[in-house]
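**Q** Sharing the feature lines straight out of Swiss-Prot:
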ACT_SITE  HIS264  active site, proton donor
BINDING   HIS78, HIS237, ASP241  Zn(2+) binding site
Amino acid sequence: MIKQRTLKNIIRATGVGLHSGEKVYLTLKPAPVDTGIVFVRADLDPVVQIPARAENVGETTMSTTLVNGDVKVDTVEHLLSAMAGLGIDNAYVELSASEVPIMDGSAGPFVFLIQSAGLEEQDAAKKFIRILREVTVEDGDKRATFVPFEGFKVSFEIDFDHPVFRDRTQSASVDFSSTSFVKEVSRARTFGFMSDIEYLRKHNLALGGSVENAIVVDADGVLNEDGLRYEDEFVKHKILDAIGDLYLLGNSLIGEFKGFKSGHALNNQLLRKLIEQTDAWEVVTFEDASTAPISYMRPVAAV
């Protein structure tokens, strides 16, 4: 049986919020079967919990924000991408502020944290959402689509009219039955244009942003001294973002996601449309792991 997974141990980290620039304390904790991923604003009295579900998404302007009443948690997508990539079904994410720390702008540090905590299998079957037919949403020339696929695959295309992008691959397709999320996707960093960052800072956004936690591009090229981690790091980061956004379904996917110039808003619209169309998907479990179209690494021991 493919079993649900949680963390073996509690683990903590500190970072800054990308938009607030505030110091944030992050604690990842194990959670019981069928809890899902739940964000906890531990700085509030009483504490407020926000389950990582598509219906709890509020703002999607610069990142994916979860809301519960007037309480919010910003920038959840990179951590959720790491949870999805490592097959974590159940965990509590405690925060001391309203934003998940940006770390280095990728999912890599979160992967390291989760692997350091160790993974523990639980005595219940892991639930997958299997896509049964195509579902699409569009906004102008932007598009996001689910199609049936025996496995989990994410295809993405970006289209930036800028010298840095024109010279590089702007499309990628990753089939996770043959490609490692940890090696090939998790280290791709978020990116931004210097002109946009200056504008955002004037409006009290991206206050924590720097070349330490993003790829910064100006008219001449990439400002980061170390350059890119992958030749196609820009589009790989969009894939990383999409994986995090898709995990707001609450379960791992069996199917393919295709994005063309899609972002957090369109990704969330697609999830909501899928959830509404109950004939387009089904929940499945696997008593025999060898029959599953998706396999996960064996739980790693805590480091």
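Glycine residues also receive a Cβ, built from the backbone N, Cα and C atoms like all the rest.
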**Q** Taking just the CA atoms, what is the gap between ASP241 (Zn(2+) binding site) and HIS264 (active site, proton donor) in Å?
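**A** Cα-Cα distance, ASP241 (Zn(2+) binding site) to HIS264 (active site, proton donor): 8 Å.
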**Q** Which secondary structure state does DSSP assign to HIS78 (Zn(2+) binding site), in the simple three-class scheme?
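**A** Reduced to three states, the DSSP call for HIS78 (Zn(2+) binding site) is helix.
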**Q** Using a 10 Å cut-off on Cβ-Cβ distances across all protein chains shown, tell me which of the recorded positions (HIS78, HIS237, HIS264) has the largest neighbour count.
**A** HIS78
**Q** How many Å separate the Cα atoms of HIS237 (Zn(2+) binding site) and HIS264 (active site, proton donor)?
**A** 12
**Q** Note down the number of other Cβ atoms within 10 Å of the Cβ of ASP241 (Zn(2+) binding site), including every protein chain shown.
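**A** If we count other Cβ atoms within 10 Å of ASP241 (Zn(2+) binding site), we arrive at 25.
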**Q** Within 8 Å of the Cβ centroid of the Zn(2+) site residues HIS78, HIS237, ASP241, which other residues of the same chain have their Cβ?
**A** GLU77, SER81, GLY105, SER106, ALA107, ALA188, ARG189, THR190, LYS238, ILE239, LEU240, GLY244
**Q** Express the distance between the Cα positions of HIS78 (Zn(2+) binding site) and HIS264 (active site, proton donor) as a whole number of Å.
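**A** Each residue's Cα considered, HIS78 (Zn(2+) binding site) and HIS264 (active site, proton donor) end up 12 Å apart.
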